[in-house]
Amino acid sequence: MSFSSDEVNFLVYRYLQESGFLHSAYVFGIESHISQSNINGALVPPAALLTILQKGLLYTEVEWSVGEDGEVARPIEGLSLIDAVMPEVKPLKPIVKTEPGKPGAVDSSAPAGGNQNNNAKPEIKIEPGTGVAGSAGGNKTTGSTTGTSTPTDQSASEVDSSGNAANNAGGTYAGNNGAGSNQASTGGANSTSTPAGGDSAAPGASQKKSQNSNEAGSSSSGNAGNANATSTDDAASSTSTNGNSSTSSSVEQPTSGLTPAGGTVSTSNPDAAASGGASTAAGSKAPSGAVTIRVGAQGSNVQSGSSNAQSSAPSGTISSSTSGGAGTPAALVPMDIDENIEIPESKARVLRGHESEVFICAWNPSRDLLASGSGDSTARIWDMSDANTNSNQLVLRHCIQKGGAEVPSNKDVTSLDWNCDGSLLATGSYDGYARIWKTDGRLASTLGQHKGPIFALKWNKCGNYILSAGVDKTTIIWDASTGQCTQQFAFHSAPALDVDWQTNQAFASCSTDQRIHVCRLGVNEPIKTFKGHTNEVNAIKWCPQGQLLASCSDDMTLKIWSMNRDRCCHDLQAHSKEIYTIKWSPTGPGTNNPNTNLILASASFDSTVRLWDVERGSCIHTLTKHTEPVYSVAFSPDGKHLASGSFDKCVHIWSTQTGHLVHSYKGTGGIFEVCWNSKGTKVGASASDGSVFVLDLRKF
């Protein structure tokens, strides 16, 4: 038996990710050079470190209990991990015997000076097929459930990144119920919980930094030491504080397995389907409450969270008409969902096929085609037209050259974007390559210049350039027709997290270095640099007219910038945790809805969504129904509704005018992304359990 330090480091790195210590995992990954190891993380099951520790604990118990003659000399149960690593102590613990309904009794044969334990310690059992002990020593077993998921037949056209189609040479769509390979999966969940003391403030920044990639760069927290640094330009001309929400939230660590279409899951956790790879709740905070170890067919997955009792309230919003200045903090009370607004199952189409988390989804601007990108190193194009009732899919496999052959990259596909007419789809992957695909699934170009994971990419409005941002601290403008790098910008001092076009040749980029640069094609220096955030900047968005730039950060602030000023126009301070993303409404001058006021939406890890009147710098509505971090928001094409997706597995549809909850749907996994189709009739969403679903909002 042998093992290397690289293997130990990798298991520790994955344990930190799965437990929600995302920044710690990032720092550890950098220092231990995880990205340079040859370990294929896709083959390592969740909770691998806990599994091997449990097996080692069992071995130690046997070693201590059995004498040299093979007889049981000192039976030991409930050996703690600390006792096991201190063999010179070898405590003689009494055998604890319990009967149903009776308190634990100490064996009378225990030594007089032995430890008296009146609380029953659970036996450590290994269930067949799990390979993992049902409970850790000393944990209180609260119950166990088992279940299976039964797949239906599915068939999909598979297209790898070399342009070769499998199962369907013509590259046409194959229905879910057609012939094809079936993957059966079973999932059992044994639940044990242990109280976790105190709140932990392990910061988790963004999906780009925590999506369970095996790259150390996937959990970017660059310049962590500068998190509290102040800038001379930080002063803003106006600061708005519209109350801090302090709603308690917990983050579920989902499995990366999926329940195939038509499958039934009898576990208390729909996410407990079998998983072949690790899965981490992206950007999750280390919460207080119970820590649950769930055991599935291929290992256990750690879920951290606490269940919060929700009190009913007449409204899910808190409205403010304060025009700037400091407001009075108000308590945010989540409201109950009216059963009348729950979207029925008949109006939801659940799409199964991905084998890991689905981080991103986007509608084609011309047709009802929904693209999705996943941790299974594939993107998929789903035909969601009304005429197609089978939800046909094309599988776009992201492959790399290795040994003269095309092999799966085994890296997450975390960004994708359609061009303006919907004829081409661009994808960005953690393998460092961007790719351009045609709607029939054929690979048009492979864009290779980044040295590490790509976090974001966007087409410009004309469709002749693609813009990308990567962990290598650079942004690149690509010629879409040739696939060549037109210009690379290396102005950031840490990973670039997001980019957005201002015009067809000018763009803004943000980074973990807390800076925002505005650059233009053909210019070798930034034409503008915005400084003011005191922590990494997660997302940036230009308003529809390209005059104002909004940015959100881990410093819990939302800032509005103008090219005419060096300091921010508004410094909006109301969220009580990191702000993950922002979106402008498609309203106001220069849009298809010129007579409707322009508003800005922000989504935060404090479980709230806020709508802002940017002109006044005030919060219009605070949407408080979600109970977990909110990762995505999207406006309907007419700007009248806002969709929000959270790790509480819910997609909510809100009225932007009143702030009231209009529709609600609960899926089977934490929601990473929500998006509207061009007609405003359907909402797509992607989830942590590998599912994608589409909500049909017509006839409501």
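Here the Cβ of each residue, glycine as well, is placed from N, Cα and C on the backbone.
TrEMBL: automatically predicted annotations, no manual curation.
Listed features, source TrEMBL:
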type: COMPBIAS; residues: 138-152; note: compositional bias 'Low complexity'
type: COMPBIAS; residues: 161-182; note: compositional bias 'Low complexity'
type: COMPBIAS; residues: 183-194; note: compositional bias 'Polar residues'
type: COMPBIAS; residues: 195-250; note: compositional bias 'Low complexity'
type: COMPBIAS; residues: 251-270; note: compositional bias 'Polar residues'
type: COMPBIAS; residues: 272-286; note: compositional bias 'Low complexity'
type: REGION; residues: 93-286; note: region 'Disordered'
type: REGION; residues: 298-331; note: region 'Disordered'
type: REPEAT; residues: 351-392; note: repeat 'WD'
type: REPEAT; residues: 413-438; note: repeat 'WD'
type: REPEAT; residues: 447-488; note: repeat 'WD'
type: REPEAT; residues: 530-571; note: repeat 'WD'
type: REPEAT; residues: 572-622; note: repeat 'WD'
type: REPEAT; residues: 623-664; note: repeat 'WD'
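Using a Cβ-Cβ cut-off under 8 Å and counting only residues 6 or more beyond its ends in the same chain, the repeat 'WD' (413-438) has close neighbours at 159, 161, 207-208, 211, 213-215, 218, 359-360, 362-367, 369, 371-375, 377-379, 381, 396, 398, 400, 444-448, 450-459, 461-463, 466, 468, 470, 478, 480, 483.
Summed and averaged per residue, pLDDT over the repeat 'WD' (447-488) gives 96. According to DSSP, the secondary structure content of the repeat 'WD' (413-438) in residues is 0 helix, 18 strand, 8 coil.
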